[in-house]
Amino acid sequence: MLGGRILYGGDYNPDQWLEHPEVLEQDVRLMKESKVNCVSLGIFAWAALEPEEGVYQMDWLDRLITRMEEEDIQIILATPSAAMPHWLTQRYPEVMQVQADGRRNLPGKRHNFCYTSPVMREKTKAIDRELSRRFGRRKNVILWHISNELGGNFADSVCHCEYCQAAFRKWLKKKYGTLQNLNQAWWNYFWSHNYTDWEQIHSPVPNGETTSTALLLDWRRFSTEQIHDFYQMEVQAVREYSELPATTNFMYFFKGLDYNRMKHGVDVISWDNYPFWHKRKDEVPSAVKAAANHNIMRALKRQPFLLMESTPSAVSWREYNPLKRPGMNMLAGMQAIAHGSDSVLYFQWRKGRGGYEKFHGAVLDHKNGTNTRVFREVTELGERLAGLGEKIQGTVNRPKAAILFDWENWWAVEDTQGPRLDIKYVKTILSHYRAFWEQGIEADLIGMDEPLDDYLLVSAPMNYLYKDGYADRVRAFVESGGVFVTTCFSGMVNETDLCFTEQHPLEDVLGVIQEEIDAPSEEFENSFHYDGKTYPAKFLCEISHAKEDTEVLASYEEDFYAGYPAVTCHPFGKGSAFYLAAGSDQEFLRVFYRDVFRKAGVENALRAKLPYGVTTAERIADDGTRIVFVMNFKNEPVIVEDIGIWTDAETQEQYEDALQMKPFECLVLTKQKTDGN
Amino acid sequence: MLGGRILYGGDYNPDQWLEHPEVLEQDVRLMKESKVNCVSLGIFAWAALEPEEGVYQMDWLDRLITRMEEEDIQIILATPSAAMPHWLTQRYPEVMQVQADGRRNLPGKRHNFCYTSPVMREKTKAIDRELSRRFGRRKNVILWHISNELGGNFADSVCHCEYCQAAFRKWLKKKYGTLQNLNQAWWNYFWSHNYTDWEQIHSPVPNGETTSTALLLDWRRFSTEQIHDFYQMEVQAVREYSELPATTNFMYFFKGLDYNRMKHGVDVISWDNYPFWHKRKDEVPSAVKAAANHNIMRALKRQPFLLMESTPSAVSWREYNPLKRPGMNMLAGMQAIAHGSDSVLYFQWRKGRGGYEKFHGAVLDHKNGTNTRVFREVTELGERLAGLGEKIQGTVNRPKAAILFDWENWWAVEDTQGPRLDIKYVKTILSHYRAFWEQGIEADLIGMDEPLDDYLLVSAPMNYLYKDGYADRVRAFVESGGVFVTTCFSGMVNETDLCFTEQHPLEDVLGVIQEEIDAPSEEFENSFHYDGKTYPAKFLCEISHAKEDTEVLASYEEDFYAGYPAVTCHPFGKGSAFYLAAGSDQEFLRVFYRDVFRKAGVENALRAKLPYGVTTAERIADDGTRIVFVMNFKNEPVIVEDIGIWTDAETQEQYEDALQMKPFECLVLTKQKTDGN
Amino acid sequence: MLGGRILYGGDYNPDQWLEHPEVLEQDVRLMKESKVNCVSLGIFAWAALEPEEGVYQMDWLDRLITRMEEEDIQIILATPSAAMPHWLTQRYPEVMQVQADGRRNLPGKRHNFCYTSPVMREKTKAIDRELSRRFGRRKNVILWHISNELGGNFADSVCHCEYCQAAFRKWLKKKYGTLQNLNQAWWNYFWSHNYTDWEQIHSPVPNGETTSTALLLDWRRFSTEQIHDFYQMEVQAVREYSELPATTNFMYFFKGLDYNRMKHGVDVISWDNYPFWHKRKDEVPSAVKAAANHNIMRALKRQPFLLMESTPSAVSWREYNPLKRPGMNMLAGMQAIAHGSDSVLYFQWRKGRGGYEKFHGAVLDHKNGTNTRVFREVTELGERLAGLGEKIQGTVNRPKAAILFDWENWWAVEDTQGPRLDIKYVKTILSHYRAFWEQGIEADLIGMDEPLDDYLLVSAPMNYLYKDGYADRVRAFVESGGVFVTTCFSGMVNETDLCFTEQHPLEDVLGVIQEEIDAPSEEFENSFHYDGKTYPAKFLCEISHAKEDTEVLASYEEDFYAGYPAVTCHPFGKGSAFYLAAGSDQEFLRVFYRDVFRKAGVENALRAKLPYGVTTAERIADDGTRIVFVMNFKNEPVIVEDIGIWTDAETQEQYEDALQMKPFECLVLTKQKTDGN
């Protein structure tokens, strides 16, 4: 557990207040008051740390770190590459990104640097080394925070400059060896697209190539590689005088970077979580989305992670920004811990007086000092986490189920042409995960390269692209007893978006033969009958043929494909494979997965049926101690029944059979081995 | 009849499979199995045919043509200019279009070449001549397919490069002679827009001129001319060693090019038809739109045309892409024949493994070989067409009615400012044509330059722009007995978008004096009473005055123009002119045209009242033999009553009085002279 | 009163008809017939006046002015800078604006000149002086019309060229002195945005800086300054040989320019009014918007203004353009007079035959001469105004209430990030003003720099930004007895968008302490109870604390802030301050302001309760004579009751107690001193 305790605090920008020493002193005092024990420093402070090229001015930071040390506040120290100072962009315009329209950015905003530019790398390395030299061995500095939200640049994440074009070509040469290989892999004889000279290759841009899906895919892969390379360069630089671990803060379902690739070289996964609470009275969709993303982050290394940013109140960038209702800050913070976070960190400690984020929620507002609801609620959570640290020390969630969530698949399935153009991969994944969450079943959200052995159940919705070796891993998984679920429009293409011919790579496992895919209009929506009820069949309706030993669980009821299978289950080896030929709705997925869970033998921590809005998550210690979090996302009291006997890990209160929960409450339970569960 | 039979087959891209000879051989075998007798070859094969500048590699094509010849498969041979190889764009960037924002395209996609560029013309000519030399006299090559879907370039069809600007100025100089003439014709003293130097003229672009409607109009005319000139250049090139006819495939209500102008030099009209079947359960709107477009194509030369592309299954480029329901492929193919096509050709024979169109419907899918519904339905149609060829040999549709559909009018009425900016010319035309279709009345959709003498009825909805001489032709047509229909916002401007002053050019014919045009908001919609029913008056409501001898068939009922005429009929010479001052709805048009048809003496081939969803079309041989197609676009059985006595042209079955039709059925009837009809 | 009479007429473009002298002669004749007594000449005539650089051709204008003089038609003479001739843009491309994407415009459209360009200024000055020399002392020329709708350039109003960048930096240097001052004022340490060289500063553009709200604000201020400077340059030029007053026509709620700044140097305010009449049957929203804008214009100098443009019929640029219903032209014209205009001028006298505005409403249409409804209605109003001139001579409206409407506030509140991004300042202002209008209460719409002493009531909705000194002026106003109304999200930031800390600048006056602002989603909308009824609380709901002596008039009823004040009133000095913490609806504002008016002692001219759709406005002469306009914006008869005794100023008819009004009628009443009101 990094820092030896649950880290509590967040982004702190003293560089905005250097001319107000009384503010800085007040900050320290109020951090203590609110139980803050950790701050992230220097994230956008390049201009304050290096006001002129090569002239470092770090004494203010030194004094601050010392002051924090006196108060036992730990520090996550950032490298400042996320926001370039004006002297840099003025003297070296090459450090700024070139957008897809071929125009180089002008100075401004943030995150908009070219990660290939030699000058950018040189200047970044220089200040990183200086930070490392000055602060890399300070006792209360515990982690390097490399740059900020890499790829999040107000545009399409990437740079199209000549340096990047050259690097892209070099990367392709290394990958494919010859142009012939590349032309074949990309199916370039289509529309006379085959290249005869490496120099002909250019990143996909609106007034150039946008129709070559394999190019799109490799360009996205390259962008991840290149940004990862920049990250690694920075890690190397800060390691010059320091042995601290490094992280970089990931984002909320961020399509621009493949975090399964980015994670290499990241010692501790961390991310920024901004769910849209209170969009609807029903908070479940937001809770599900946040939970899914926590699980992605945890599954990247199957280890605890850090919640690096969250708002203690409202954000400022949505069309409208509701205040977090009382209790939601506590619940959302506990949700992070429940799903594997070892921290609750906020953006931001104090609202700035000016600039783009002056109205973004903060622990301290412009007015009223500590006499605010927000400050009181932040303090309350600080106190709770202080007591909880020891209990979760060394624990991590160990789900028996996994859902495949893979960036390459995301990219490929949304870039392809047909059968529909409005496929939303994340939405699909969330609709499946929601069925898990509602039944309290934990799941890792994992990429296609991950081992499947630890799971009883793996679900792979809309798994359009199959990486090399993936089908074999799934086959082995099912053969040895696993339960596998997948859907139509899966197993369509290989890694370069070439369609499989002959047969589906898992046809033997799935027991179905695909023929056609209908994308019906609203008036042509179909239906099927499952477990006594009729459900809609829509969005994508595959017409396929069940093999002899395949159990048809539901069939289409209308149109020319009435009678064709909509839902099947096929025994294979010691396991089974479910197949959803028909797209359907949330209600069906709930019922369907209930049966899948039963077949796979997975159940929730309480072994209880959970009321709507309640879910569970469980962190397990190496010695088997179970810490179970029960969360009520309804702003009303609920009762969870038939739970057996549990002890409240915080109050030691004993619960028998039923659990009375308050609105937005999170209870932390534990069980002695002798409790017999 | 080109090729001596109904051509059946479609786009074939063996260049994507050259490394898979077994696939190529399978293709030939399956073509025979499905009754395919014609393929279009080489449409995007430039890179395969000329892998390096000046190095031709055409043996593969030679072998293929030979193989096809052995199997009696005819070939439509394409010039490959639609997709430029990378060596060409790399060495000569000028071949790529400059977009309206002044930026030259980068390589990629297709169709994006500059049709003015001397290099592009030179390189195109060279490969065209080589194709001509090698294959222009091959026995089974029957037609040149020049380029592909000219103008369809993912953007605004046209190029704004300096070559094009110079050509535009030259074209204007030729047209207007002096700048004074041009300034007057374009009304350039408005906003000080008059030119004092030809070099001041620039194509309309967003950051330059967009408000000069006459400039917009002439730029569109020029673009058609220039693309037509490119087409002619290619025709000349392929004619070097060949005497085959030439075509280029037109598109679905394509605004970019005036096909009435493009048709000159096109020996056989051909086009690509992609209706949105199964968008709604009611297929009539899609059927009407396809029918209208077929009729445009047929009317271009008043001759049979070729259906060059269609999908045997689904397309891949709409937001969602439903599968063609069983029977629809047959019906849509028969619809083409019924409206004058001598072919049914598909895009595409076989789905590619990769690239932008890999999921576009094809006769052969990635999997399952011939064991697919699609292959079976394709084969079924192939068999039917094989039997039908002889019967339709030498026949063509000869309607007695015409609807004016003119590109210059389309451009002008949608570019003008006021009275509404949301005028949709095609939508308007289709709503009028639908009244014809529903009553089984065939109509040619013709441009303003066409002779009107062959018709009993001419309808000209929203005929905003009057070309020189057009009003006189209409006057003569009515005078000699024709029935003419037109609407408000017609006869407003001349060829350079100058408003007519004094009076409407057909005021004497129409018998109404226009005063103002209201574009009422929803709450201000008006109404009128016609033949016992009230109909809405909306969208555009003209306030006009009826002349003394004008019969007012309906008057506005509300607002300050209550009592003013909404629908009138004016006798003129031996004919009459109907005038729709008020915009209305489909229901009114149905009733209105019923009366118009009666007045004009036009009726459908069966002389019967048709149930909803059923229409007829008729091809007539020089000897008067009538082949009548009765099509049921409902996916339900219907009965057509009171048809008299007909013989089924395919089965020789005799129908008396009533026709029982199956869902999506098309029957082909014929009548002996002695049948007495 | 300029010209000694109510000016009636409008934009006249004879330069489009110079080759048609018969048209010009007809124009003069018909102007007389329709009582037109004034035309605006030469607005876009640069090309006609200076066909080649330095070659002036003004005889045609001379002849026209002479002809007008003979007919007693007065002339507003325009400088022609709004539309550049092609010789100018061709030889000096620098005169064209550079857009935010860094690309210079190509020639075309209008208004798209760079107001900083030295060449543009030089060429403009030259022709302006020539116009001044030739016509500046002509007897019937009464006013200079400088350029046209400055800033209205089809894009974002401003130019980003290097001349403008340099001028911007110079302006900033003058304003801030040092970069340190600027960095502090703009809060530039945020995201390392502080400048170390003036050359680093660039206008806000999409691919550069868009997130620095203080930069945005100063850039908008600079743009106003620069365009104003251009205006002043032109005024100086036309004054060379002339002492006539000058104006420039302002626009409808035009965000681009701060008219409170622009007004300096404008001798007579004039503006172009294009309400969307007949969008709904309920004309009140359009009437309110037009009235508000009239009041802005009048309040700029607290003097009569000129209605420079309006349409006699329909416009041509909206999605759909309804005709003005009978009576609306009269009513809308009278509304202008009622709110302080000394003119009713149209765009345009005669429809051009071609160009962008050929279908824009005009007194004369393309056809039918004077035999049109429009011509008749125009003549009717002309006759009425001719009789009214003497009566309103020397009168002006003198409201007792004001609403704060400030451009800087508009810019700032819509550019800031959070708590919502969809704040529409004008919409908010109009909803408050509507409560005044509906109750017949006149109000000046004034900027933050205006003195408040003349008012009994000042309302400042969504007054986000407080200019220096403003809070003190409000405090003094309330202290001395004024009634002040303001809302949540007011008093947030200073002039450079820096948040106030410690406390709200008017906390002592308002008696509330702000804590947080909720931007609830639809499902989370709150409510409050006021005067016996429940109203919604929505959009922005501030949570604040009332001080001890603050009267809480309504409290939130739901959610966690139930019980917190929604509406308060705080006594301060001799006055009171109302505070709307909660956003609400129109119905609430109606009731709320009814109570506010009572408290402030303001009432309408008739001291009567007005039926829906009816409002009043009053012009008062120096001797106290009152001219009261009663306007009925319903297209139905209404009765206004309890009005006391009034005399019709036009007919001398006496009204007692009740006023019977026809649809769309405007009555002009007056009262003898002895009438006792």
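Including glycine, each Cβ sits where the backbone N, Cα and C put it.
Where the annotation comes from TrEMBL, it is an automatic prediction and has not been curated.
Pulled from TrEMBL:
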type	residues	note
DOMAIN	A:11-386	domain 'Glycoside hydrolase family 42 N-terminal'
BINDING	A:Arg110, A:Asn148, A:Trp317	substrate binding site
BINDING	A:Cys114, A:Cys159, A:Cys161, A:Cys164	Zn(2+) binding site
ACT_SITE	A:Glu149	active site, proton donor
ACT_SITE	A:Glu309	active site, nucleophile
DOMAIN	A:400-602	domain 'Beta-galactosidase trimerisation'
DOMAIN	A:613-670	domain 'Beta-galactosidase C-terminal'
Whole-number Å value for how far A:Arg110 (substrate binding site) lies from A:Cys161 (Zn(2+) binding site) (Cα to Cα): 18
For A:Cys164 (Zn(2+) binding site), the number of other Cβ atoms found within 10 Å of its own Cβ: 22
Rounded distance in angstrom between the Cα atoms of A:Asn148 (substrate binding site) and A:Cys164 (Zn(2+) binding site): 21
Where the record names A:Arg110, A:Asn148, A:Trp317 as binding substrate, the maximum Cα to Cα distance in Å: 18
Candidates A:Cys114, A:Cys159, A:Cys164, A:Glu309 (recorded positions) - the one closest to A:Trp317 (substrate binding site) by CA: A:Glu309
Cβ under 8 Å to chain C, applied to binding-site residues A:Cys114, A:Cys159, A:Cys164: none
Check: same-chain CB within 8 A of Zn(2+) site center, minus A:Cys114, A:Cys159, A:Cys161, A:Cys164: A:Gln97, A:Val98, A:Tyr115, A:Thr116, A:Ser117, A:Val158, A:His160, A:Glu162, A:Tyr163
Binding-site residues listed as A:Cys114, A:Cys159, least Cβ neighbours within 10 Å: A:Cys114
Under 8 Å by Cβ from A:Glu309 (active site, nucleophile), same chain, sequence gap 6 or more: A:Gly10, A:Asp11, A:Asn249, A:Trp271, A:Asp272, A:Asn273, A:Tyr274, A:Leu345, A:Tyr346, A:Phe347
Per DSSP, three-state class assigned to A:Arg110 (substrate binding site): coil
Same chain, 6+ residues apart, C-beta under 8 Å of the C-beta of A:Glu149 (active site, proton donor), given in sequence order: A:Ala82, A:His111, A:Asn249, A:Phe250, A:Met251, A:Asp272
Counts of helix, strand and coil residues, the domain 'Beta-galactosidase C-terminal' (A:613-670), according to DSSP: 0 helix, 32 strand, 26 coil
Mean of the pLDDT scores, which run from 0 to 100, over the domain 'Beta-galactosidase C-terminal' (A:613-670): 97
Cα distance (Å, whole number) from A:Arg110 (substrate binding site) to A:Cys159 (Zn(2+) binding site): 14
For A:Arg110 (substrate binding site), nearby residues of its own chain (Cβ under 8 Å, 6 or more apart in sequence): A:Phe44, A:Ala82, A:Ala83, A:Asn148, A:Asn153
A:Cys164 (Zn(2+) binding site): secondary structure state under DSSP, collapsed to three categories: helix
All-chain count of other Cβ atoms within 10 Å of A:Trp317 (substrate binding site): 13
Count of other CB atoms lying within 10 Å of the CB belonging to A:Cys161 (Zn(2+) binding site): 22
A:Glu309 (active site, nucleophile): secondary structure state under DSSP, collapsed to three categories: strand
